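The L-tyrosine binding site annotation in Swiss-Prot covers 100, 144, 248, 252, 255, 274 and rests on similarity to another entry. Sequence annotations record features per position, and here Swiss-Prot assigns ATP binding site to 104, 325. Among the features that Swiss-Prot reports, motif ''HIGH' region' is placed at 105-114. If you look up Swiss-Prot, you'll see 322-326 marked as motif ''KMSKS' region'.
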């Protein structure tokens, strides 16, 4: 029986063509043992990527280029493995697998310790594998009990939202810097490179419990789970273990399964304490995979489809203290650990540990590291290797402009010439890149704004007050042009009330011109507002009562009585006291007028200013005139 093309829908037609062998097979479809169809252009990219991968494998076999796994071992990234070295090596040679590492947002910033398991992910991405970073928005509500005798204090909902938002954008910034580092080191990005920052709340918030229990619970035996050291120690020596803590490694394993079947993530990389969770995760993925009830969706097992993983070593400094903890943690948030302090932290590393840190925390080729250590050994007092380490780490965490600027600032402060092998220090080209960060640039929840502003003023004024716009009119334009975004639950409607806001699953929706009272629909837990402009300019704002705001003594841009009027009165006071000359006051006024200039096509009439501002302006101009010509004030002359 034949069918005409018009008698079936497009989806069925594609399915029939695929089943008939008329279409190619994707990477994940091969893993599942079924075919999917792609268009000819997309298929050409897949074919080229596969050909490039096979060519790369041949070069590795011939010894022309180094195997990525061998590089991991050489640089010291590998501690314990789930799967043998040879199995992992063969898998990475023949298959473009994906790898991930997970981070629970239990604190508002990543620290140097988090960077170590991220480095192999970054390396794999540069070598053509998929690199994923997972934020545990769901698992953070439970808390990882590994190596703990006392349960974690539950996070407040607003704290979790703040932590999740800040870490998400720290990871995005890190990935942008990784792209920059790849270009520096001569890696040519191709179509097959894949990376992502994901949040496990995305699937846990819609996952039926019965599916987890049926596909996972039936086959996971209690004996092995109870025999884990974490469980035994917490139950015998600690405060006991809750059921939610007991299921934490299973939740982590399900995360892996979700990315395994959806994205081909076959490897997990974790910190030195995560080996037990990785082993449980391997077992979880296999169990859920084998319990797939739909034969069409079932993924075959075998060495080339089984999950693998490894842990990175525990780093300690020369004093035996856990790395990053010796003098307070070295945070990746520049408002908790400044670029200068982070640079200084690595400059202070001992000669005994600097070579190991260069291998672990930089993308420098081994020959460059060996050459730097040779130069360093000739005169250790110059700390050449330490400066190279500090420069590279700051470049990875904050970008290369920050690395150059910080090294030059360090040189200027201590008056010593800095020699960094292979680097010619330069000042950043753009003037704005040399400007110290403002507190308004920090995505901190202690950025507070009063309730009267959040609930009673336009969104344009809120953007101005939050430092995302230079004026209220610019904030208005951002809202009109949908150039700024507000934190909301995926699919959130402005007509809904704030009860639908989920504090562990956040997306951003474009800001529009809405009524002031509608801003309340975006408050998280009734007091937290998250705004964004561009890719990484984030404001996490806590709404406080007007009384609390007044007592704090803070002001915000555009606050009544604190803007132009305050500036005019300050200028008048300083002019009368002789602290400023008339010319300096004029220059300040000119700069202020330029900053507050209306947008093109918008006419601002003088009488739109308040009477107090017009009067203060006149008083200031009279005082300038008096200072310039001397004698009585113009007002007194006119009265006479």
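Backbone N, Cα and C atoms are what each Cβ position is placed from, and that goes for glycine too.
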Here are the binding-site residues: 100, 248. Which has the lowest count of other Cβ atoms within 10 Å?
248
Below 8 angstroms Cβ to Cβ, which residues of this chain, lying six or more residues outside the motif ''HIGH' region' (105-114), approach it?
135-137, 140, 143, 152, 155, 159-160, 162-164, 166-167, 170-171, 271, 315, 322-324, 329-333, 336, 345, 444-445
Quick check: in three-state DSSP terms, what is residue 274 (L-tyrosine binding site)?
coil
Report the largest Cα to Cα distance, in Å and rounded to a whole number, among the residues 100, 144, 248, 252, 255, 274 that the record lists as binding L-tyrosine.
18
Neighbourhood of residue 144 (L-tyrosine binding site) by C-beta distance under 8 A, where only residues 6 or more apart in the same chain count:
104, 152, 248, 252, 277
Kindly state the mean pLDDT of the motif ''HIGH' region' (105-114) in the predicted structure.
91
In sequence order, which residues at least six apart in the same chain have a CB under 8 Å from the CB of residue 255 (L-tyrosine binding site)?
102, 134, 136, 139, 200, 203
With DSSP, how much of the motif ''HIGH' region' (105-114) is helix, how much strand and how much coil, in residues?
3 helix, 1 strand, 6 coil
Under 8 Å Cβ to Cβ from residue 274 (L-tyrosine binding site), same chain, six or more residues apart: give me those in sequence order, or none if nothing qualifies.
146, 311
How many other Cβ atoms sit within 10 Å of the Cβ of residue 252 (L-tyrosine binding site)?
25
